[in-house]
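Below you'll find the structure, written out as structure tokens, and then a few comments.
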Amino acid sequence: MSALLELRGIEKRFSGVHALKAVDLHVDEGEVLALLGENGAGKSTLMKILAGVQRADGGEIRVGGEVRSFRSVAEALEAGVALIHQELNLAENLDVAANVFLGREPSRWGVIDAARMHREAGTWLKKAGLEIDPSTAVSELSIGRRQQVEIAKALAVNARILIMDEPTSSLSETETRKLFDVIRDLKASGVAIIYISHRLGEVQEVADRVTVLRDGEKVGDLDKEGISHESMVRMMVGRDLDAFFPRRQGEVGEPVLEVDGLRTLAFPAESMGFSVRAGEIVGIAGLVGAGRSEMLQAVFGVDRRLAGEVRVGGRLVRGGSPAEAIAAGMALVPEDRKRDGLVLEMGVGENLSLVTLARDAFPGGFRRGSAERQVEKEMGEAMRIKTAGAGQAVGRMSGGNQQKVVIGKWLAMDPEVLLLDEPTRGVDVGAKHEIYVLMEALAERGKAVVFVSSDMVEVLAMSDRILVMHEGRLGGELSREQASEEAVMALATGGKL
Amino acid sequence: GKKDEGPSYAFVTNGVASFWDIAKSGAEAAGQELGVDVTVLMPNGVVEQKQMIEDLVIRGADGIAISPIDPDNQTEVINEAAAATNLITADSDAPKSDRMFYLGVDNYEAGRMCGQLVKEALPDGGKVMIFIGRLEQDNAKRRRQGVIDELLDRSMDPTRFDPPAEVLKNDKYEILGTLTDQFDRVRGKQNMDDTLTAHPDLGCAVGLFVFNPPLILESLKSAGKLGQVKVVGFDEADETLQGILDGHVHGTVVQNPFEYGKRSIEILHALNQGDTSVVPEDGFINVPARQIRKDTAEAFWADLKSKLGE
Amino acid sequence: MKKTLGVLMVFVAVCLAAIGLSDVFLSAGNIERLLLRIGLFSILAIGVSFVIVTGGIDLSIGSVVCLVGCGLPWLLVEQGWSVGLTLTVLFLVVGLIGWGHGMLITKLKLQPFVVTLCGLLVYRGLVRGVTGDRSLGFGSEYESLRQLAQGELAPSLLLGVLAVVLAGVAVYGWMKERRFRAGVVASSVAAGLAVLGAVLLRQSEFGVKFPFVILMVVAGLAGVFLNLTVWGRHLLALGNSEEAARFSGIATDRLVIVSYILCALLAGLGGLLIVLDVGSAQPSDFGNFYELYAIAAAVIGGCSLRGGQGAVIGVVVGMALIQVIRNLIVLVIPKYQNLEFAVIGVVILLGVIGDEVFKRLAEKRRRLT
Amino acid sequence: MKKTLGVLMVFVAVCLAAIGLSDVFLSAGNIERLLLRIGLFSILAIGVSFVIVTGGIDLSIGSVVCLVGCGLPWLLVEQGWSVGLTLTVLFLVVGLIGWGHGMLITKLKLQPFVVTLCGLLVYRGLVRGVTGDRSLGFGSEYESLRQLAQGELAPSLLLGVLAVVLAGVAVYGWMKERRFRAGVVASSVAAGLAVLGAVLLRQSEFGVKFPFVILMVVAGLAGVFLNLTVWGRHLLALGNSEEAARFSGIATDRLVIVSYILCALLAGLGGLLIVLDVGSAQPSDFGNFYELYAIAAAVIGGCSLRGGQGAVIGVVVGMALIQVIRNLIVLVIPKYQNLEFAVIGVVILLGVIGDEVFKRLAEKRRRLT
Ligand SMILES: Nc1ncnc2c1ncn2[C@@H]1O[C@H](COP(=O)(O)OP(=O)(O)OP(=O)(O)O)[C@@H](O)[C@H]1O
Ligand SMILES: Nc1ncnc2c1ncn2[C@@H]1O[C@H](COP(=O)(O)OP(=O)(O)OP(=O)(O)O)[C@@H](O)[C@H]1O
Ligand SMILES: [Mg+2]
Ligand SMILES: [Mg+2]
């Protein structure tokens, strides 16, 4: 019997990059295939080709044994192929229901049947684990919720082949669980699923088979029995990663970051306070939409604070402008790197030196080229950023490399307090490891590190202390000893220990 | 609302130009004298002119004088307004309409007068370039045609039209063409600049709209050719008159915009008072154009200034 | 709906002021003329709002108006073509222009501003060159064709149309957003009653010129298209995020091209009606600046130039506002007619500022509950 | 640099055509006038490119030109103010206008198109109202002030300036992008030699008017600002991604406001020089449409209306291209003068299409290697 989907010898070149080199791949009905690879390995490109977003330069796609070539997304959808994109792609001016059915609105003579659309959208949303009114505007949703809308949208296609490109990168444990339930249902009804993720734990849990890409080439398959953390890492990276989470036992010093009575626009009724000491890594956990990003942004000053004081090293930092936070030694790696973190049209060097440019300038505001090049070189090496040649716009780089650029930009200023919002979102194991090492190294040097993460494993392993948020409130605090998955979940859902 | 106020009259021009500033002063002077309300409106283009006439009728104007932009095709609007109130044309006529009569110069004749000035300035012939704001309006067409016909010694025929794209010449005069600037002064000056470049042997520049002669002078000045190229103007811009006194402009043909404005209002008021004696038999009140040369310039200018209250 | 409500309120305020300041504002003749002008110019504004919804812009509207406005008398009178042939050719050309804009913008990925700026320069330039820059008009001929712009509909028929439109608005407002239902219904009914009152008061000579009727039809179709159909929804989606729409299987390029074609055709229709109404056209300035009026009306009517937002009723009200202001100035303070542009500019600015402030207050209130 | 190279090539081609078609094109007088016009109008274009780099637009340029162009003779001649006071007040007002635009756009988050469209309507409207719509001019007075626009620099001084500029261009090209070094240096030197040749050939009466010299200074400063300073980089960054710039601690609002102020001030400077050169101004049409020319020049010169891209030299060359075309038409085919706009439109369109096609080919070539 031939596979439901079969790709043979897929080729793709971008200017300067040979993104896919004769890649073969197949999935059967009711099978979950995990597609793994480092950042920039070509996973998303392959999937975009499969979904009709991009066209291959060579090779063949067979669906149900029949050769197909998708010239547009519509044709792919027609053939039963649906893709959940790695980056969010929602029309923010429309409501949730309209997005779920975008392109396939129930209609009669071209007139949309709005009532039916809202009704059905509600069902799909519930399936995706999102219990909100389908007429909510998408612009009001947090990133995590938007990702759930994307999932509902893909489910609503009733596809035969469903591709999920990092569907859980902004989801926390609870939402991820719900997604796995859905995947199991779909599997049972014979849908073939291609699942891309950098969270290897998840892969172990859902995948029937693993295919690994490296530098645009397929390096091998692992069947159900062969799937293990070590085997996957070895295949992706080409070597073992020892001590994935660096162990830490640094000295903790004086409080560096103190937040008191902070109230944000998202949850004006709640107020928060906490402090972080030198050499300490504090993890912030919580469900999607708990207000974690909002909190970091208010501390950093990109969002307005309704009330509250923030001190760094005892000095008060007025809110209202990131420039002051930066002057006080704070740095924020934002959650949405494409929108908030990077100047997509600019090159790596320009992005890396964006924050330090003013500091390093000659008198009179003239840029110091040597300083820029030095930052580019240093950070490029420290972060192991891979580019397709000098001057490549960061917008064209793979997600993981983009994330490294964002982090590098902030490390270049040598911050006292580093705030990170989902720092490993969409980042491959190797790079994750590097980011952990970096966080660790910073803490070692007596800096205060705060990171928000929806990846439970990471929160548990990397934090000296865990703050759990629930609906805009600090629901509780767990020391390293108290920390456990159950404890975090309990606090995150509003319970007590 | 104007219910219990005195009568109100309006003058609608065919555009915005300093020529009309003078007419406006005339109209307002008449208004003051007679103690009546006078409105002068300056539209941009036919569409706006139509809307203004309509609105004036609705407002209940007791008399309107207009300078139609495209008289042949504006008969209806004019007739509609003429049905509602006393309506005369000034400066540019609409003979096919129901306007009571026309007050102004015959632009074709004025053009020929201008042509005579060119002949005087260039008795031995030479190259002539015509500059004008725009060619679409009737008075512009006729004025330009008058200049051309006079230079080429053709018969009187106001309906003739030579396309602007043609070079016209007889054994003496070569009319290089007609350059328009669409009221953009910078363009107007550039047109003259470029003409000087392309035709270093230019004999005479003719500026047919009020702002053209001053621009020609500016251009000559910056090229250091003042006095070398003859200039013949139209209308009475200060710079033009000064140019005549300085000997840089041979002469200009003046209409009498102040009179247009003043007499229009006076006549409209008389009509409104029931005095029909002001209506001419032949439907034409001639406010003749005049040629101003160096000898008459000073007196004319002094008179103009006193009229404008300067 | 919210945005439409704002401009509606300003409009009602200006109308009330007009009624107070001028005793002829409500006269049959004035209302008739105002409706005519609103009809003529709103057609352009509706056209451009399709393009604005996609996040684009069309600066060539004025030149397309010039093309049709001058092309019609030129072909009919000077070239002696038949009416049928002339109209067919003109609208084919205009359609092609829109298609060309769309192709350059979608396939070559040129910026709409640049493409249509070139259009602005080229079409008028060509008309000037081809017609030899002369004044064009119908003289006293083509009376039956000109009825298209000058003919009138009896008040009773108008009332029918009005009733249908009002009902449509009310139903739409009700379906769309419950919170604003009350406001919309109330203001539509109020506006309807005002017009009705005016009509009854001076029913004598009142008639509605066809351009306004044509506008009603165009606006109705556009409203249905934008708000109720799949394509309208797709247009809104792609205006917000081209990628999101494309990734959802929507043929975005085709939709964008269609919207530029629609815009050009409506500009052509507007140009046709305007020249039929006025009877004369000069290539060098016919339609000059109309694109800016159309865009301004669209924007105060609730379209965002960032794309993804459109409101047909608002656009018509926006243009009505502009026309009433112009009318009002000539009726009440003709002396200050040259301040007209300044007044319109200030009103537009106050409108958008008010809108923004209002939105922020609402947001704040929402946040605090 | 790449984009600049494209427009430079078109420019050189048009100039060569001009030399071939007209034997007076290279005459001292013509070159002198061309440089004057390029000076006057490029100042506007450079101003608007600051705004375009931020992703904004300024439609009010023409009206600001009108404000200064009419305000100057009005205040001096009609109101009898002193030169110093007049200039101070005018430029204060213009600066305030730019600041107002910036504030509305950054603080109230209004769309630049809308804000400056209102500006377009309001400033001209006010000037018309205040001056009573009448023609304004200097008569034969203020000759010394008018020297600012009409005075000349000796050729030797010009050569010095030119040499410095060329050297600057060459050094910059060398520093910036090695691959294009050769092209830039070659074409700058070629352009320099051409002018030099022209000068030497007819050195007799040749002189460069001050506006061109002022342009050189403005362009030099703008180029340095945009390419060599921290703020220039910040401006480019925020033009690309406002959010990313803001998150990086860049005072985006302040930068945007500054760029609108700069744009308004340069428009004011342009208006000042233009009226000093022309000697008279009419409020209803002085400066009309100049914003579109300025924007067109900026776009063909390599600025993207999406923001984040700017090139000062390209902008000047873009405006030079437009001016040469206008000049060429009057010199060679004056009878088709009314086709001028069409020609300019077509050239701009071909320019941007060529650019796009060229880019795609380069991309393709790169992919295949
Ligand atoms: N539009 C594009 N233009 C040029 N290069 C591109 C483009 N899209 C992707 N690439 C390049 O193709 C390669 C593969 O990228 P792709 O996004 O498929 O990686 P990925 O495996 O999905 O990585 P990640 O895990 O970071 O999402 C990368 O080197 C990337 O820079
Ligand atoms: N742009 C926005 N406009 C309005 N409300 C928003 C916006 N962004 C977030 N919110 C709301 O603010 C609240 C907090 O969102 P926030 O992004 O801080 O949550 P989070 O804990 O970081 O979750 P996530 O993992 O989804 O990012 C949510 O209830 C969300 O609905
Ligand atoms: Mg990817
Ligand atoms: Mg978050």
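Keep in mind that glycine also has a Cβ here, set from the backbone N, Cα and C atoms.
A TrEMBL annotation is a machine prediction, not a hand-curated record.
If you look up TrEMBL, you'll see D:7-28 (among others) marked as transmembrane segment.
Summarising the annotation, TrEMBL assigns transmembrane segment to D:34-52 (among others). Through the fold, the transmembrane segment (D:34-52) approaches residues 58, 61, 65, 112, 149, 208-215, 218-219, 222, 226, 235, 259-260, 262-267, 269-270, 273-274, 277, 290-291, 293-295, 297-299, 301, 303-305, 307, 310, 312, 315-316, 318-320, 322-324, 327 of its own chain, all at least 6 residues removed from its boundaries and within a Cβ separation under 8 Å.
Counting same-chain residues at least six beyond the ends of the transmembrane segment (D:59-77), those with a Cβ under 8 angstroms from any Cβ of the stretch are 44, 47-48, 83, 85-87, 89-90, 93-94, 97, 101, 113, 116-117, 119-124, 126-127, 130-131, 136-139, 141-142, 263-264, 267-268, 270-272, 274-276, 280-283, 286-292, 294. As annotated by TrEMBL, transmembrane segment applies to D:59-77 (among others).
Feature annotation from TrEMBL assigns transmembrane segment to D:83-101 (among others). Within the chain, the transmembrane segment (D:83-101) has long-range Cβ neighbours (under 8 A, six or more residues past its boundaries) at 58, 60, 64, 67-68, 71-72, 75-76, 112, 115-116, 119, 123, 142, 145, 257, 260-265, 267-268, 272.
The feature transmembrane segment is assigned by TrEMBL to D:153-175 (among others).
Positions annotated as transmembrane segment by TrEMBL: D:182-201 (among others).
As annotated by TrEMBL, transmembrane segment applies to D:213-236 (among others).
Look at TrEMBL and you will find D:257-276 (among others) tagged as transmembrane segment. Residues 39-41, 43-44, 46-48, 50-51, 53-54, 56, 58, 60-61, 64-70, 72-73, 87, 90-91, 94-95, 97-99, 101-103, 105-106, 145-146, 148-150, 210-211, 214, 218, 235, 286-287, 290 of the same chain, all 6+ positions outside the transmembrane segment (D:257-276), place their C-beta atoms under 8 angstroms from a C-beta of that stretch.
Under the heading transmembrane segment, TrEMBL lists D:288-305 (among others).
Summarising the annotation, TrEMBL assigns transmembrane segment to D:312-333 (among others). For the transmembrane segment (D:312-333), the list of distant contacts is 3-4, 7-8, 10-11, 14-15, 17-18, 21-22, 24-25, 30, 33-34, 37-38, 41-42, 45-46, 49, 169, 215, 219, 222-223, 226-227, 293-294, 296-303, 339-340, 343-344, 347-348, 351: same-chain residues at least six beyond its ends, Cβ to Cβ under 8 Å.
What TrEMBL lists as transmembrane segment is D:339-358 (among others). Beyond its flanks by at least six residues, the transmembrane segment (D:339-358) meets 3, 6-7, 10, 14, 296, 299-300, 321-322, 325-326, 329 of its own chain at Cβ-Cβ distances under 8 Å.
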